[in-house]
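According to Swiss-Prot:
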type	residues	note
BINDING	G37, E38, N39, G40, S41, G42, K43, S44	ATP binding site
DOMAIN	5-242	domain 'ABC transporter 1'
DOMAIN	259-505	domain 'ABC transporter 2'
Amino acid sequence: MPHLLEMKNITKAFGAVKAVDNVSLTLEAGQVLSLCGENGSGKSTLMKVLCAIYPHGSYDGQIIFSGDELRANHIRDTEQKGIAIIHQELALVKEMTVLENMFLGNEWTRFGVMDYDNMYLRCQRMLEQVKLAVDPNTKVGELGLGQQQLVEIAKALNKQVRLLVLDEPTASLTERETGILLEIIQDLRDHGIACIYISHKLNEVKAISDVICVIRDGKHIGTRPAAELSEDHIIAMMVGRELTELYPNEPHVIGEEVLRVEHLTAWHPVNRHIRRVDDVSFALHRGEILGIAGLVGSGRTETVQCLFGAYRGRWQGDIFIDGKPVTISNCQQAMAQGIAMVPEDRKKDGIVPVMGVAQNMTLAALDQFTGPLSMLDDAREQDIIRQSLANLKVKTSSPELAIARLSGGNQQKAVLAKCLLLNPRILILDEPTRGIDIGAKYEIYKLINALVKQHIAVIVISSELPEVLGLSDRVLVMHQGRIKADLINRDLTQEQVMEAALRSEHRAENIAV
């Protein structure tokens, strides 16, 4: 019986650079293959070749699908064959309904009139297949990201998909939404639909995959049954070396208190009867990494947004720096007090995509490069930019390159460089490694550790508990806007943190574990 998919000796070059170099892979019907590799390894390029985003003739090699050679010139050609790709950036029209999105460009007609009734019934059936209980007439923009992801899958099922490519599908999803998505993929597998799954989250890769294919520097490193590979083996194949200690295991010299927060309360920006943060108090010390853990909606992000003057709703409470009360009503006041923040949503709040890397890095610190008569000191600015790029190992062909063209890891390091140009005493990192590969994560962890050695106090928020536990000296556990526990991190486990988050008492507990 032939394979569902064979990609034979695929090579795709851009000028003299081979983004994909002689890569071959096979896939069976009803099989889940995870494609792993660092950013820039060639994964996305290979999938764009498969889906004819790069058309036949623009690459070398051969693609066989369901026994026939695939010579597609447009993504519509591959969709007609039963191949669909869902990108991390969803291709839905937010102002249109679920039904309108599902049939966009493929509307059903009867006697020359839109067959709305049958489209509605079909849409309902497709939504039921992905376990999404929403009315087809709901505007897509009113749905959460997890629900939108399921609409994309339902849309693919409506096109009789036989092979579904999912590129970083859970990067912006909650743990619950991720669990639902993985269940849907298992259901698709049981119905004979094959999946190619691209993710940096190796726990998901291990949980969902039948086979794992690793690509590094455009080359095929190996394809093995998932059961034969540990996460450490996958990492070693991806980066070409073993990361024996993902989190820097170095003791921190914790100094005096630099920040104290007392009775911080923040209300929902629209529904002012709801408290997003409820009477939160804590302290932070020089040279300390304070992790904040909790389920999505626990109030973690809202807490640090208040500290940085970025919260859009009403809040109250007292903030002390070096024991002195300070007023922080906006980001400028926070930066003046020595606070810098890497935001949760890098693309929305951290960068200006159309501007160059250098412009993004210096945007918040232009006064440092302003000389007499308010003239910009270009030479000094360029010198500091070069130094920052080198120190943080930001890979870019030019400081003037649009930052949107960098990989996620390099964008994040550029945002971090922007913060460090402010010479902060307190650095807030909200989801610092979201959507970036394991090698870039390792570099960012080393950077955080180096900053702490310079006596900078760091607050880390992450939805990945291993990250919080691997980095932090102390962990605040939040639930429903309140601090449920303040835990000293001595071999602290994920189970202990989750138990604290779900504990019914509303008082904070100081626990040394």
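Using N, Cα and C of the backbone, Cβ positions are placed for all residues, glycine too.
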When the pLDDT values for the domain 'ABC transporter 1' (5-242) are averaged, what is the result? 90
In the same chain, outside G37, E38, N39, G40, S41, G42, K43, S44, whose C-beta lies within 8 angstroms of the Cβ mean position for the ATP site? T45, I215, D437
Once near-sequence residues are set aside, which residues in the chain of N39 (ATP binding site), 6 or more away, have Cβ atoms under 8 Å from its Cβ? S407, G408, G409, N410, I436, D437, A440
For the binding-site residues S41, S44, which Cβ has the most other Cβ atoms within 10 Å, all shown protein chains included? S41
Using a Cβ cut-off under 8 Å and a sequence separation of 6 or more, which residues in the same chain sit near G37 (ATP binding site)? K43, V214, I215, R216, M238, D437
Out of G40, G42, give me whichever of these binding-site residues has the highest number of other Cβ atoms within 10 Å. G42
